[in-house]
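Feature list (source: TrEMBL):
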- 26-115: domain 'Ig-like' (DOMAIN)
- 118-228: domain 'Ig-like' (DOMAIN)
- 233-323: domain 'Ig-like' (DOMAIN)
- 328-416: domain 'Ig-like' (DOMAIN)
- 421-514: domain 'Fibronectin type-III' (DOMAIN)
- 527-622: domain 'Fibronectin type-III' (DOMAIN)
- 1-18: signal peptide (SIGNAL)
- 625-647: transmembrane segment (TRANSMEM)
Amino acid sequence: MVSAVYLLAFFVGDLVKGYYQEDNRPRYLTAAVGEGVVLNCDIDFPQDFQIPYKLLWKRRGEVIYSWQDGITTESDDYVGRISQVSKHQQRLYGLASINLTSIRESDAGWFECRVLFPNRTPRSRNNGTWFHLTVSGGNLLAIPPINKTVTEGDEAQFACLTKDYEIKVRWFKDGIPLTEYTDLMTRSWVTKENTLTIRPTNSGDIGEYECEASNYEGEKQTARAFLNVQYRAKVVYAPPEIHLPFGRPALIDCHFRANPPLTNLRWEKDGFLFDPYNIQGVFYRRNGSLFISKVDETHSGTYTCTPYNDLGSDGPSTNMHVLVQRPPVFVRTPHNLYLKKLGETIELPCDARDDDDGHKPNIVWYKKDGMSLPMGRYSIKEGNLTIFDIQSDDKGIYQCTATNKAATIVAETELLVENVPSSAPYNLTAISSANSVHLTWLIGRQRVNVDFSIWYKRRDNTEWKTFPVPTTKVLEATITNLEPATEYEFMVLCKDDYGDGLFSKSILVWTKHLEGEPERFNGNLPPVGYPRNITVRPTDTGLLVAWQRPEYGLEFLKRYQVRWTQRPDDYIFGSADTTNTTYLITNLSEGTEYDIQVVALSIDDQQSVSGKVIGVFPGYKSIRAVATGIIAGLAFLGTAFVAVYYAKRKWCRPYQTALKN
C-alpha cells in the first residue's frame, strides 16, 4: 500500500515537471521578408502576484531589447522594428511578448526571452523561452522598410534594398500608387537604391507605405511600413459665427487635430480665460468642447480655443462670435390626420415665428418617406402646402420644418387617400390534374370587402371564362371541368367596393393526360418535358427528393419547382424553386404522409408536371429519444443487477457461513 502511494506521488510529480518543461520548450516560427511576427513570452510571477520586473530579449548572447519601469532600449539593428505588444494584444499573448516587424533575412536564428525580478532573491525564476525564427521568401528583397516616427517638417526615409539591381520597385501609400498623390510627389523622390525620401513631411503623410519588388520572371514581393508624423496640436476650422438657441442646450466645438493626443484645451471669452469649472451650467466634454445646459444672453461673446499636446500648440483659433437667438415657435400647425378622395385638393397649414418682431424662419415641407412632393401638383404659399388633384401615391406622412440659425423644429401630419384600389395579386402558382388546376396567390395589401375571380381560357382560344372565388379569406381556388392534355392560361382579378382592381400576371399550365392513355398532348408539346423517376428518401432533417432531367427541351429549361401536399388534403402544400435535381424538404410533421411532385418550368413559364410520389417523414428525433431512453434504462438495470450480485456474494455468503457455524 505504501509503495503504491509513493509510486502515485512520483507519477504526479513527474507529470507536473513534464508540464513545465513542455511549456518552456523552444518554439519555432516562420515569416517572410518584410512581414511581422509576435514572439509570445509569458511571465511567471511568484504566487501569481505582479511585482517589478525587467524584461530582456537576447540574440546570439547580446541584448537586443530591454524593458524596465517603462524605459526601453533597442540595439541599432532593431530600432523601429521591435516593441512590446499593445494592451489590446496582451489579451492574446503573454506580458513579455514582443512584435518584430519588417523582418530581414539576417533575423533568422534563435531569440531568448528572459525575465528578472530586481527586488527579489533569487532574482531569476522559471521564466524565459527560446524561439527559432525561419525567414522565407527573400528572393527579391534584402532589407525591407521599417516603421518611422518623425516630427512634421522633418525628413522621412524608407529603405527598400533589393538583391539585384535589375529588380524593379514600385511604391504605394495606403494601397494607392504613390504617383497618384500630387502633393506628396512634389515633396518626395526615390533614389537609385529604391529608398523613398519625403522632405518635408506634413500631417497628411501619415499612413502605410508599401514597397513592391518584381523581376522579369513575374515574381513579386512586398513589404510595408507605417509612417507616423507627429505635430503640435492645431485648430483646423473655426466658424466665424455661431448661433445658439435660447433656453436650450448647446455645444461650442473646437475643431482640432493633435498627434500626440491632446493634453489640454484652453478657452478664452472676450479676451479673458474662460474656465467652465467656475461657471454654472457650462461643462467640458471629453473632446474639449463646451457644453451649455441652458443657453441665455450671458453666453454670447467672442470665443477662441487653443489646443495643446506634448509638442505644444500651433496657436489659438480665429475669433468665433457666439450669438444667442430665439429658436422658432409654431403659431399654426396642420392637424394630425387628413382624409381625402382621389382628385380632390388639400391645403396643409404651417406658420412659425422666431422673435418679437414677427420675423419668420425658413419653412420647408418634406415627405417623410423620402419621396419628393408631387411635381406640378403642389404649391407653397406663406408656409402652407397645397396639393392639387390628389393621387394614390400622395398618401403618407408630411413634415413641416421651421429653421433659423439657432434650431429646427418639426410638425407632422398624415394624409390618407380614399378610393385606392387593391394591389394586384402576385406569385400565382398552379398544380394540375387531368381535369382540374388548383391555383394559389398572394396579395400585397389586405383590405376589407375584397373579392377575387379567376379568369381562364384555352391558350388557343380568345374567349375568357370567369370563376368567382366564394370567400375573400382564402387565397386559392380549383378550376374543374377542364380538358386533359390541354394548355390553359390563368389570371386572378382583385376587386373591391370601389370598382375593379388589377389583374395578376398570367401563367400557362398544361393539364395532365388521362390515366391509361399514352402520354401525349393535343396540339404542340410543351417546350420542356416533365421530370422523370422521382424518388423520395427520408433523412434526419426531412425528405430528400431526387429526379432525372426531362427527356427533351433542356435548352428551354429555366428551373425546377418542388411541390408537396399533406395527404389527404390536396390544398395544404408548400413549394420551393431549385436548379438542381435534388431538394431537401424540411420542417415537416413527423409520421405524416406527403404527396410530392416536381415541375419543370420553361423560359416562358410553361410547366411540365411529374406524377405524384408518396413520402413519409418518420421523425428520427423521436425515434432517437425513445432509443436513448431504452438504452439508458437497460444500462441502469444492468448496473443495478451487477451491484446486487456483488453485494450478495460479499455479504450474504459470510452471513450464511456464520449461521452454519
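Every residue, even glycine, has its Cβ placed from backbone N, Cα and C.
In TrEMBL, annotation is done automatically, which means it is predicted and not curated.
On a predicted model such as this, the values are computed, not experimentally measured, just so you know.
The average per-residue pLDDT of the prediction over the domain 'Ig-like' (26-115) is 88, rounded to a whole number.
Here the domain 'Ig-like' (118-228) is broken down by DSSP into helix, strand and coil counts: 10 helix, 51 strand, 50 coil. Note: the domain 'Fibronectin type-III' (421-514) comprises 0 helix, 48 strand, 46 coil (DSSP; helix = H, G, I, strand = E, B).
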